[in-house]
Structures are given as structure tokens and as C-alpha cells.
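Read the structure below first, then the notes.
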Amino acid sequence: MPSTETENEFWSGIPEEKRPRHIAMIMDGNGRWAQERSQPRVKGHQQGAETVRVITEECARLGIEQLTLYCLSSENWKRPELELEFLMHLLTEYLVNERETLNKNNIRLQIIGRRDRIRPEVQAEMDRSIELTSQNTGPTLCLAINYGGRAEIVDAIRSISQRVKDEGLEVDAIDEQMVSEHLYTAGMSDPDLMIRTAGEMRISNYLLWQLSYAELWVTQKYWPEFDTDDLRTAIRDYAKRKRRFGGLNRNEQEPSC
Ligand code: IPE
Ligand code: IPE
Ligand code: MG
């Protein structure tokens with residue numbers, strides 16, 4: 001049973017600067033969840049979509065500025081045709097059914113990833129949801145669909161190279177900020193916390209550039225059973241982490257001689 005602690009009670013012990021603004025998630029373990037229950041893998045995806053609804057609403061309630069969810073990787077196309085069909089069906093259903101809830105929660109939808117392998121009807125629903133939520137001023141829900149971190153970097157290199165060719169952009173003018181501005185995530189902050197369910201200790205080609213200094217938090221729980229208490233535990237753990245970004249915290253510095 002999720003706890004009854006209110007949002008204010010939850011945040012009361014966590015100082016402002018220790019609160020994650022942007023949480024990224026690798027929603028893994030749908031297949032294993034279903035198979036352990038002697039059900040087809042797609043049942044796990046179906047249940048996983050429920051978790052997406054619950055966690056998105058909880059993030060909005062907690063005032064998390066951005067939630068980025070890994071829905072389909074560029075490598076997931078290696079999966080059986082039927083599973084992919086089902087995932088596309090689920091995604092379309094989600095996009096259509098969730099518009100009202102997204103608007104009710106003042107959530108703006110963004111989608112990152114390559115569009116090329118997504119069917120035009122699905123792309124149309126993606127665009128429609130982005131458009132219908134574009135005026136919302138609350139949190140951002142960013143779905144990574146047909147997303148690959150390496151593909152994203154390749155696309156950024158291509159668009160910057162095009163500017164060198166067409167606009168005479170100086171090669172020396174290319175810096176980290178410019179690269180960030182040519183990624184799919186241009187304009188978004190980098191994730192502070194990355195949560196992965198189902199126990200794997202890897203990032204599976206997710207947000208390779210953006211996760212440079214994110215705090216990683218992995219749970220053994222499968223995505224369909226991940227709940228609001230797990231999310232709150234992850235945020236509490238995050239608040240205890242010492243982020244150094246390569247430097248030292250004030251209390252770690254030795255007195256200068
Ligand atoms: C994550 O669950 C969802 C997607 C990758 C689309 P999986 O389908 O990878 O589940 P496991 O890892 O096989 O259990
Ligand atoms: C990562 O999970 C992709 C998504 C959750 C969409 P995978 O199940 O594809 O990752 P690997 O294959 O175990 O690394
Ligand atoms: Mg998996």
C-alpha cells in the first residue's frame with residue numbers, strides 16, 4: 001500500500017537544493033514480470049503502461065519539473081514483430097487516452113527519438129498530443145521513443161556539420177553548449193537522477209550525453225510493480241548523495257596553507 005504522506009510532509013525534510021528537478025527512467029522488466037506470472041510478455045507491457053500513468057501523476061504531484069521515460073530504444077526493433085506491434089498499439093492508445101489527464105495536470109508532452117521507423121498514423125498521434133499539451137506550463141513529460149543515445153549524437157554531428165558547410169560556422173565555435181543545443185533534448189536540463197528498474201547495471205544507450213553527472217539508482221523491482229513509494233525512496237536516497245561534478249564539496253576541502 002503506498003504511504004499516505006502528503007507532498008508537503010514528504011518534502012519537509014529535503015532542502016530545496018537536494019531535490020531532483022529532472023528524473024529520467026529506464027522502465028525495464030516488463031517481460032520478466034509477465035513471464036514469472038506465466039503470462040505473455042505483452043501483458044507486462046500493458047501493466048507497465050499503468051505504472052507510467054501512476055508515476056507520471058505522482059511526479060506532477062511532487063512538483064518534479066521533468067520526467068523522461070525510455071519507452072522504446074533504437075535497439076528494441078530486434079524484438080519479435082508481434083511484440084513491436086503491441087508496443088505501437090499501446091503507445092497510440094496511451095497518447096489518445098492520456099491527453100485529458102496530461103492537460104488536467106498541466107503537463108507538457110515532448111517526444112525524443114528518430115521518427116523514421118514509426119508508422120505515420122502513430123506519428124500523427126504523437127504530434128497531436130504534443131500540440132494539445134503545448135500550452136501547459138507545469139511539468140514536462142518527455143517520452144523517448146525509437147531513441148538511441150548514439151543515434152542522437154550522430155544526428156547532432158550531422159546538423160552541426162551542415163551548419164559548417166552552409167553557414168560557414170567556425171569549427172572552433174563548436175563547444176559543449178552547441179552540441180547540447182543540437183541534441184533532441186535541446187532546451188531541457190540534464191537529468192539529476194536516473195532510475196532503472198529490474199536490476200540491470202547499465203544504461204542501454206540512454207541519454208549518453210545528458211547522464212554524464214546524473215545520480216544512478218537501480219531497483220530489483222520490475223517496472224510493472226514499481227510504485228509511488230519506490231519513487232519517493234529513490235528521491236530520498238538522491239537527496240543524501242554528494243554530487244561533486246569533479247570538484248570537492250566545501251566540507252571536503254582542506255584548509256589552505
Ligand atoms: C522494458 O521491459 C520495456 C521495453 C524495452 C519496451 P522489457 O520488455 O525489456 O522487459 P525484460 O527486460 O525483457 O524483462
Ligand atoms: C532498455 O531496456 C530500453 C527500454 C526500457 C525502452 P532493454 O531491455 O532494451 O535493455 P537491455 O537490452 O537489457 O540492455
Ligand atoms: Mg529489458
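Here the Cβ of each residue, glycine as well, is placed from N, Cα and C on the backbone.
Among the features that TrEMBL reports, active site is placed at Asp28. The feature active site, proton acceptor is assigned by TrEMBL to Asn76. Annotated Mg(2+) binding site per TrEMBL: Asp28, Glu215, in sequence order. Per TrEMBL, the feature substrate binding site maps to 29-33, Arg41, His45, 73-75, Trp77, Arg79, Arg196, 202-204.
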Proximal but sequence-remote residues of the same chain as Ile203 (substrate binding site) (Cβ under 8 Å, at least 6 apart): Ile26, Gly149, Met194, Arg196, Leu211
Separation of alpha carbons, Glu215 (Mg(2+) binding site) and Gly29 (substrate binding site) (Å): 21
DSSP-derived class (H/G/I helix, E/B strand, else coil) of Ser74 (substrate binding site): coil
Of Asp28, Trp33, Trp77, Arg196, Ile203, recorded positions neighbouring ligand 3, Cβ under 6 A: Asp28
Rounded to the nearest Å - Cα separation of Glu215 (Mg(2+) binding site) and Gly31 (substrate binding site): 26
Secondary structure of Trp33 (substrate binding site) (DSSP, helix/strand/coil): helix
Alpha-carbon distance [Asp28 (active site); Ser74 (substrate binding site)] in Å: 15
Filtered recorded positions, from Asp28, Gly31, Trp77, Arg196, Ile203, whose Cβ is under 6 Å from an atom of ligand 2: Asp28
Recorded positions close to ligand 1 - of Gly29, Asn76, Trp77, Arg196, Glu215, only those whose C-beta is under 6 Å away: Gly29, Asn76
Sparsest Cβ surroundings (other CB atoms within 10 Å) among the binding-site residues Gly29, Gly31: Gly31
Residue with minimal Cβ packing [other Cβ atoms within 10 Å] among the binding-site residues Trp33, Trp77: Trp77
